[in-house]
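Novice: Below are the features listed in Swiss-Prot for this protein:
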BINDING   R78, R103, D130, P131, M132, L133, A134, T135, G136, S137, S138, D199  5-phospho-alpha-D-ribose 1-diphosphate binding site
BINDING   I193, G198, D199, A200  uracil binding site
Amino acid sequence: MPTREIRHPLIRHKLGLMRRADISTKNFRELAQEVGALLTYEATKDLPLETYDIEGWAGTVQVEKIAGKKITVVPILRAGIGMLEGVLSLIPGAKVSAVGVARNEETLQAHTYLEKLVPEINERLAMIIDPMLATGSSMVATIDLLKKAGCKDIRAMVLVAAPEGIAAVEKAHPDVQIYTASIDERLNEHGYIIPGLGDAGDKIFGTKQKDA
């Protein structure tokens, strides 16, 4: 599926603030949550609905709800946690499945070190969240893991994506829809997105940077 770049004015504005070199941990963390929520709105626009009856103030009324099992949100640790609160603000009943993936800084390849999936995940929509889609190795490894667990409907939400990472995911998993706030220019020789956001994990958790 072609990657969907969500160019909503609010997303563009907030992402611009996130690109500042001197942004504080507090502001970066809050903006990651806000953009995560806005991406969630777009990524769930086609969810199926079903009708049911309730007793309203003036009698029985027919209303709608999302059909099927609850969604599971899958943050890729550790940086994916930074988007989790924003996603859950819109889908508070979602289950959370955590996947830990580490990238070798020399080979840029990923390996999985943690897997905590919710029950009946094969019947749920799995929404992967990670601020950065750089080489794509972490995302591909996570999708591999979810498909092995039986997931059939998988979507990915990232704040910023590199063309190289998009190509890697689309080649390995062409059935997975990617939603991103921005498709950036390229990767540098160290596997970082240009212009990107810097190290999103460090900025979310306040490591290796000065707090304002």
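Here the Cβ of each residue, glycine as well, is placed from N, Cα and C on the backbone.
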Novice: Hey, how far is G198 (uracil binding site) from M132 (5-phospho-alpha-D-ribose 1-diphosphate binding site), Cα to Cα, in Å?
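Specialist: The separation of the Cα atoms works out to 9 Å.
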Novice: Which Cβ among the binding-site residues (G136, G198) has the fewest C-beta neighbours inside 10 Å?
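Specialist: Fewest other Cβ atoms within 10 Å, among the binding-site residues G136, G198, is found for G198.
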Novice: According to DSSP, which kind of secondary structure is A200 (uracil binding site) found in, if we only use helix, strand and coil?
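Specialist: A200 (uracil binding site) sits in a helix per DSSP.
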Novice: Over all shown protein chains, what is the count of other CB atoms within 10 A of the CB belonging to A134 (5-phospho-alpha-D-ribose 1-diphosphate binding site)?
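Specialist: So the number of other Cβ atoms within 10 Å of A134 (5-phospho-alpha-D-ribose 1-diphosphate binding site) is 27.
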Novice: Just checking the binding-site residues R78, D130, M132, A134, G136, S138: which sit within 10 A of D199 (uracil binding site), CA to CA?
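Specialist: Passing the 10 Å Cα cut: M132.
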Novice: Cα-Cα separation of G136 (5-phospho-alpha-D-ribose 1-diphosphate binding site) and I193 (uracil binding site), in Å?
Specialist: 11
Novice: Do any of D130, M132, A134, S138 (binding-site residues) have a CA within 10 A of A200 (uracil binding site), and if so which?
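Specialist: The binding-site residues close to A200 (uracil binding site) (Cα within 10 Å), listed in sequence order, are D130, M132.
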Novice: Take the C-alpha atoms of R78 (5-phospho-alpha-D-ribose 1-diphosphate binding site) and I193 (uracil binding site) and report the distance between them in angstrom, rounded.
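Specialist: So the alpha carbons of R78 (5-phospho-alpha-D-ribose 1-diphosphate binding site) and I193 (uracil binding site) sit roughly 18 Å from each other.
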Novice: Please give me the CB contact count at 10 A for D130 (5-phospho-alpha-D-ribose 1-diphosphate binding site), counting all chains in the structure.
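Specialist: Result for D130 (5-phospho-alpha-D-ribose 1-diphosphate binding site): 27 neighbouring Cβ atoms inside 10 Å.
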Novice: Starting from the uracil site formed by I193, G198, D199, A200, give every other residue of that chain whose CB sits within 8 Å of the mean position of their CB atoms, in sequence order.
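Specialist: Apart from I193, G198, D199, A200, the close residues are P131, M132, V160, Y192, G196, L197, G201, D202, K203.
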Novice: Around the Cβ of A200 (uracil binding site), how many other Cβ atoms lie within 10 Å? Please give the count over every shown protein chain.
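Specialist: Counting Cβ neighbours of A200 (uracil binding site) within 10 Å gives 25.
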